[in-house]
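As annotated by Swiss-Prot, N(1)-(5-phospho-beta-D-ribosyl)glycinamide binding site applies to 21, 22, 81, 291, 360, 367, 368. Swiss-Prot lists 114, 155, 160, 161, 162, 163, 164, 165, 195, 196, 197, 198, 203 with the feature ATP binding site, giving sequence analysis as the kind of evidence. Swiss-Prot lists 119-313 with the feature domain 'ATP-grasp', giving sequence analysis as the kind of evidence. For 272, 284, the entry in Swiss-Prot reads Mg(2+) binding site.
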């Protein structure tokens, strides 16, 4: 792979669709390899805009606007970092040879909503999943819940960071769940998934990398499993490695290899799985770095963003774990623009602790504004350090 010089005729140009905190780290990883990066998001001054060579603000669900921007910028690679994108336009762009979509336009199209990827995993590949039903109305949702049996989980087919997701323990809670799901949907606000609840011991993210081997063939590699805690579907903390039985780990890798192999292309995938003993169920997959994978900024020789950057460029990767670690989310706590952070010095005083403050221009009480990272002799010890550090950082309005 030949890499050029940014802002010159030889530039290797990559366009990121989505410039949040994950996209920002991908941009930094690409720039360290001499790549020219164009960051696109729906609002000004997104985290990735602040570090990219060029920034654009468009409605990425507008296929015509998206195609026009890609035609103007002429990137070698288009790298989606969010779900809310006009994926049909990406399919057309790939077919026309205007740019290569990472990992593939088909993979982005299938994973943009929960219906596409669930049907692929459960119905095409025959992978174990929770029982489920897709519904289009409140009446269908109630009927599906009765058929599956309470409790159930209700989600929009398209949302992120737990938005619109809730657990429903009985029929009396269904109306509130329906209203919340309708508000939480990002693009297709009229379709939902109802899932039966699995009795699992823990859930993991298995970061799975499809990258070129020395032979030129695509091979699949795995990072150490990441355990995580979610509240209402939103990541709160993660740690690596998550202890698993050898049988469960082997099965998790088989499932991850099957689904990412079917999606194809190059890059890093975040495969979410439920585990009980030696039994593993597929949950979801994202064809991009995963929020729970931010722990790898502290734990791995190459973090998930560096792995993604290398893989999409056709470069060698190293998924090795360096030391145990954990991450804990720092929330906005207030609704305000241009907030400041107190307590940063106290948070960083503990050995093995680091912070990432994302630079989002506007805070909300439950918006993820940063993350505390920690390493220690064990994941449990690192979790304590990360949570303590996150608690010391206080967002304040100014």
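Each Cβ is built from the backbone N, Cα and C atoms, and glycine gets one as well.
Feature annotations (Swiss-Prot) mapped to structure.
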residue	record	Cβ neighbours (10 Å)
21	N(1)-(5-phospho-beta-D-ribosyl)glycinamide binding site	22
114	ATP binding site	22
160	ATP binding site	19
164	ATP binding site	25
195	ATP binding site	23
197	ATP binding site	16
284	Mg(2+) binding site	18
291	N(1)-(5-phospho-beta-D-ribosyl)glycinamide binding site	23
360	N(1)-(5-phospho-beta-D-ribosyl)glycinamide binding site	23
367	N(1)-(5-phospho-beta-D-ribosyl)glycinamide binding site	17
* To do: Taking the Cβ of residue 22 (N(1)-(5-phospho-beta-D-ribosyl)glycinamide binding site) as the centre, count every other Cβ atom within 10 Å, in any protein chain shown.
  => 26
* Asked: Closest to residue 367 (N(1)-(5-phospho-beta-D-ribosyl)glycinamide binding site): which of the binding-site residues 164, 197, 284, going by Cα position?
  -> 164
* **residue 272 (Mg(2+) binding site), number of other Cβ atoms within 10 Å** => 20
* Do me a favour and check the Cα-Cα span between residue 114 (ATP binding site) and residue 81 (N(1)-(5-phospho-beta-D-ribosyl)glycinamide binding site); whole Å is fine. => 16
* So which binding-site residues out of 160, 195, 197, 368 end up within 10 angstroms of residue 272 (Mg(2+) binding site), measuring C-alpha to C-alpha? -> none
* Structure fact -> Around the Cβ of residue 203 (ATP binding site), other Cβ atoms found within 10 Å total 19
* Distance [Cα-Cα, Å, rounded] between residue 195 (ATP binding site) and residue 22 (N(1)-(5-phospho-beta-D-ribosyl)glycinamide binding site) -> 28
* **For residue 81 (N(1)-(5-phospho-beta-D-ribosyl)glycinamide binding site): intrachain residues, at least 6 apart, with Cβ closer than 8 Å** => 16, 17, 18, 19, 20, 22, 23, 26, 48, 288, 289
* To do: Give the helix, strand or coil assignment DSSP yields for residue 21 (N(1)-(5-phospho-beta-D-ribosyl)glycinamide binding site).
  => helix
* Structure fact -> In all the protein chains shown, the tally of other Cβ atoms within 10 Å of the Cβ of residue 368 (N(1)-(5-phospho-beta-D-ribosyl)glycinamide binding site) is 21
